[in-house]
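Asks: Take this structure first; my questions come after.
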Amino acid sequence: MPWIIFSTPLAIIAYFLIWFVPDFPRGQALWYLLFYCLFETLVTCFHVPYSALTMFISTEQSERDSATAYRMTVEVLGTVLGTAIQGQIVGQADTPCLQDPNGSAVALESANHTYSTTSLRKTQNAYLLAAGVIASIYVICAVILTVGVREQREPYETQQAEPMPFFRSLRQVMSHGPYIKLIAGFLFTSLAFMLVEGNFALFCTYTLGFRNEFQNLLLAIMLSATFTIPIWQWFLTRFGKKTAVYIGISSAVPFLILVALMESNLIVTYVVAVAAGISVAAAFLLPWSMLPDVIDDFHLKHPHSHGTEPIFFSFYVFFTKFASGVSLGISTLSLDFAGYQTGGCSQPARVKFTLKMLVTMTPIVLILLGLLLFKLYPIDEEKRRQNKKALQALRDEASSSGCSDTDSTELASIL
């Protein structure tokens, strides 16, 4: 909670300054680099403890799974809300495209200078207004989280005299086989969906020709994801998490193939967007719902190692941000080599083909690799039930008899 409380006001300031245009012409790139990196750092200081709270609000697997489902539903809903706020406010300040994308860089720069100062100022104010609204929502949600959530500790953890050294705990966490397999699969599937998300607007604008529809298509995807997360929560409790991962994430593949083969048809595109949202919901929810099972398995194998939850969640967040960075790098370099022209009304055929590959074939390959790694993940439903019984016995023993550290170790070994 202290990390959440102290990072929130600084993150709000950094976020607002990302969208502020400084008066000095030189050094603006350094300004945006500084405040964007600062904002990402502060959001990480919020996100890691926020995610780790899943392990501290209940000791029951079913309650943790339910909390994860609610958390991911609200996160997707927050993405929808942010997309709607930013899109609607900034969309009011329409910036015209450049009619000659094949022109020289000097010609493009000259065309940029033809925009009126009034239009430019209107666009700047629109971004600042959107940033202010989103920052206000950030503050309200952080206050609700801080006031409304209380942490709980495991009974056997409270009896530990001293916490284990950090680097020893880190070594144990990173040598835990189920965790390595889970984050590896999570990395590839996250990268796949981030490539789709990061290039979707450009793909709709230039490859499909729906310049004025991409915001609505993105909203259709995220709303579909929001409404289907509860369905996936029911599915994983009924058929198991590994089965849900295979079906949920692989269901994106047929629709990505359809996008690659279809012509510019708006109705079909909306149908594909809604169907893709179902897979996005599975990609949001299922890997995060599997992480508490890994932590429970780790606690049984290392009963003396307590307080390791932030390490598990921090590396999970790290790989999320790593996938985001790799996605941006791949997209930027690919489009640059293809000859992408910023602000153009149309793009060369090579750019359109590159966008199609970034949104369809590349994510398909990454999804298949991720599912192959999830196949190696060893914690199935039978293993989960065994771990649940063993942990409950460990808690009961610690609560009723106040067992010593040696007793806890022996009990865990027997179980």
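Glycine is treated like the rest: Cβ placed from N, Cα and C.
All annotation found in TrEMBL is predicted automatically rather than curated by experts.
Annotations for this protein, taken from TrEMBL, read as follows:
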- 6-22: transmembrane segment (TRANSMEM)
- 29-50: transmembrane segment (TRANSMEM)
- 126-149: transmembrane segment (TRANSMEM)
- 178-196: transmembrane segment (TRANSMEM)
- 216-236: transmembrane segment (TRANSMEM)
- 243-261: transmembrane segment (TRANSMEM)
- 267-291: transmembrane segment (TRANSMEM)
- 311-333: transmembrane segment (TRANSMEM)
- 353-377: transmembrane segment (TRANSMEM)
Asks: Under an 8 Å Cβ to Cβ limit, what residues of the same chain, 6 or more beyond the ends of the transmembrane segment (311-333), are close to it?
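Replies: Here the qualifying positions are 40, 44, 47-48, 51-52, 169-170, 173-174, 179, 183, 186-187, 190-191, 194-195, 198-199, 288, 291, 294-295, 298, 358, 362.
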Asks: Given pairs 6 or more apart, does the transmembrane segment (216-236) have at least three Cβ pairs under 8 Å with the transmembrane segment (267-291)?
Replies: yes
Asks: Please give the sequence-distant neighbours of the transmembrane segment (6-22): residues at least 6 beyond its ends with Cβ less than 8 Å from one of its Cβ atoms.
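Replies: Cβ under 8 Å, 6 or more out: 28, 31-32, 35-36, 38-39, 42-43, 45-46, 124, 127-128, 130-132, 134-135, 138-139, 142.
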